[in-house]
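Colleague: Please read through the structure below; I'll follow up with questions.
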C-alpha cells in the first residue's frame, strides 16, 4: 500500500513538472524571450530579428495605410498581425524626449498604437518614458533661484525674468541657442509676412530640447511681482511669430492638425499624461510631480499647439494655445473641455507657481515603471481584470508623503492623519488601462517555485 501511494505521488509530481516546463505553459515574454520594455528603435531591431514578428509588422503597416481602424480589423490577416505584435517588444516600447532618433522612435510607436485606439480619443497615452526627476533636482542644479534664499525685501523688488535672461547669457550653450531663436523669430520676411514661423518653431524646439531645464524653466516660469516682469515672461517665446496669428483657429481643428504630426501628437499626449488635473493627489498633479508637468508644457513649444501666457498679469497665471471654441457646433462641450486643460488647469498653475517660489512637494518618487495609460488590446478571449504587470494578483505599495503643507500653501482635509504626513495606497493598475491579460500569463512564473517548495514535503512523506 505504501509503495502504491509513493508511486502515485511520484507520478503526479512528474506530470506537474513536465506541464510547467512545456512551451504551452509559457505566455508572452517567456515564450518569445522578450526583455523588459525598451525604446521603440531597439524594439524594432528585436522584432526584425524574429521572422514571425517582422512579417506581421510589415503586414500591419500595410493594413494601416489609408484605412480606418474598423476597416482594418475587419480583415482577419490584419487582426492576426495586431494580435501577434501585442506579444512583441513593440507593444510596450517607449521613447525618450530629445533622443537621437526621436522621430523614428515615435513613428514606430504610433504605427502600433494607432491601430489599437477606437477612433480619435480625447486623451492619448504618452509615448515617452515616465519622468522620475523632480523640481528639487532642478533646484539643486541651478546656480540661482527665483528669489530662493534671498532677502525677502530684495526678492520682492527683483525682476526674476530679467535675472533668468542674465543667467542664460552666462552659459555659452544657452546664450547661443537663445540668440539663434530670437534672431530667426524676429526676422521679417515681407510686409505681409512678419516672420518664417516654421523656422522660428524649429529654433525654439532646439532651445528647449538642448538647453538644461535650470535655464529654460527660469525664463518660462519665473515669478513676477509687476506687469513689466510678467510681460517679459510672456515675450520669452517671441509670441508675435511663434504664437499669435491673424485669426484664432478652432481648438479641435488645431488638435486634429497637431495629431497629423508624430512629434506634435506625442508632445500633446505627454502634456495630458503629466498635467491632467488629478484630485486624488496633494498637488492635483499626477504622482505629485511638478517637474513632469512643466517638462511636458515646455515640450509643446515650437509646434502648432504652442501654448503661452494669455496676458501680462503678474497675479493671475493663465496659459492657452492660440485657439478658441467658436464654430464648434455640437462639439462645443468637447472643445471647451480641451481648452480648460490649459486655461483652468490647477496642476499646471500650481507647478508654475511652485517653480517660481522655489518650492517642491517632498514626495518620495515611485520606482520607475511605465505608468502611461495603455491602449486596449484586441483579444479573442474574455478580458480579465486590468493589470499593468500582466498578473492576476494586485500588487500594492504604500507611499508615505511628509510635507510642510502650511509652507507651500496647499490644502488638505481635516483628518489628523494628514496633519503631518499622508499615506497613499497605490496599485500597479493604471486607471483607464484596458490592457487584457492572457489567462495563463500571470502566475506561471510563480508556479515552478511553488512546485519545488512542495517537493521536500512529498519526499518526507515517502520516507515516513
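Just so you know, glycine gets a Cβ as well, placed from its N, Cα and C.
Taken from TrEMBL, the feature signal peptide applies to 1-21. If you look up TrEMBL, you'll see 40-117, 161-241, 251-347 marked as domain 'GDNF/GAS1'. According to TrEMBL, the feature disulfide bond maps to 47-53, 161-222, 168-174, 185-200, 195-241, 224-229, 251-323, 258-264, 275-293, 285-347, 325-335. Here TrEMBL flags 357, 413 as N-linked glycosylation site. Residues or ranges marked as region 'Disordered' by TrEMBL: 359-392. The feature compositional bias 'Polar residues' is assigned by TrEMBL to 359-374. According to TrEMBL, the compositional bias 'Low complexity' annotation covers 381-392.
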Colleague: Highest Cβ count within 10 Å among the disulfide-bonded residues 161, 293: which residue is it?
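Modeller: Buried the deepest by this measure is 293.
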Colleague: CB neighbours of residue 264 (disulfide bond) within 10 A?
Modeller: 21
Colleague: List the residues of the same chain that sit at least 6 positions away from residue 47 (disulfide bond) in sequence and have their Cβ under 8 Å from its Cβ, in sequence order, or write 'none'.
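Modeller: Listed in sequence order, they are 53, 54, 57, 85, 88, 89, 90.
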Colleague: Around residue 200 (disulfide bond), how many other CB atoms lie within 10 A of its CB?
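Modeller: 26, counting other Cβ atoms within 10 Å of residue 200 (disulfide bond).
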Colleague: Among the disulfide-bonded residues 195, 222, 251, 293, report those whose Cα falls within 10 Å of that of residue 335 (disulfide bond); none is a fine answer.
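Modeller: Checking Cα-Cα distances against residue 335 (disulfide bond), the disulfide-bonded residues within 10 Å turn out to be 251.
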Colleague: Write out how many residues of the domain 'GDNF/GAS1' (40-117) are helix, how many strand and how many coil, based on DSSP.
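Modeller: Counting residues by DSSP class gives 51 helix, 2 strand, 25 coil.
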Colleague: If you count the C-beta atoms lying within 10 Å of each candidate's C-beta, which of the disulfide-bonded residues 251, 325 ends up with the smallest number?
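Modeller: Result for the disulfide-bonded residues 251, 325: minimum number of other Cβ atoms within 10 Å at 325.
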Colleague: Please give me the disulfide-bonded residues out of 161, 241, 258, 275, 293 that lie within 10 Å of residue 347 (disulfide bond), comparing Cα atoms only.
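Modeller: Within 10 Å Cα-Cα: 275, 293.
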Colleague: Is any of the disulfide-bonded residues 161, 200, 264, 293 within 10 Å of residue 241 (disulfide bond) (Cα-Cα), and if so, which, in sequence order?
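Modeller: Qualifying among 161, 200, 264, 293: 200.
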Colleague: Rounded to the nearest angstrom, how far is the Cα of residue 251 (disulfide bond) from the Cα of residue 325 (disulfide bond)?
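Modeller: Counting only the Cα atoms, the answer is 6 Å.
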Colleague: Quick one: of the disulfide-bonded residues 195, 224, 285, 323, which has its CA closest to the CA of residue 168 (disulfide bond)?
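Modeller: Of the disulfide-bonded residues 195, 224, 285, 323, 224 has its Cα closest to that of residue 168 (disulfide bond).
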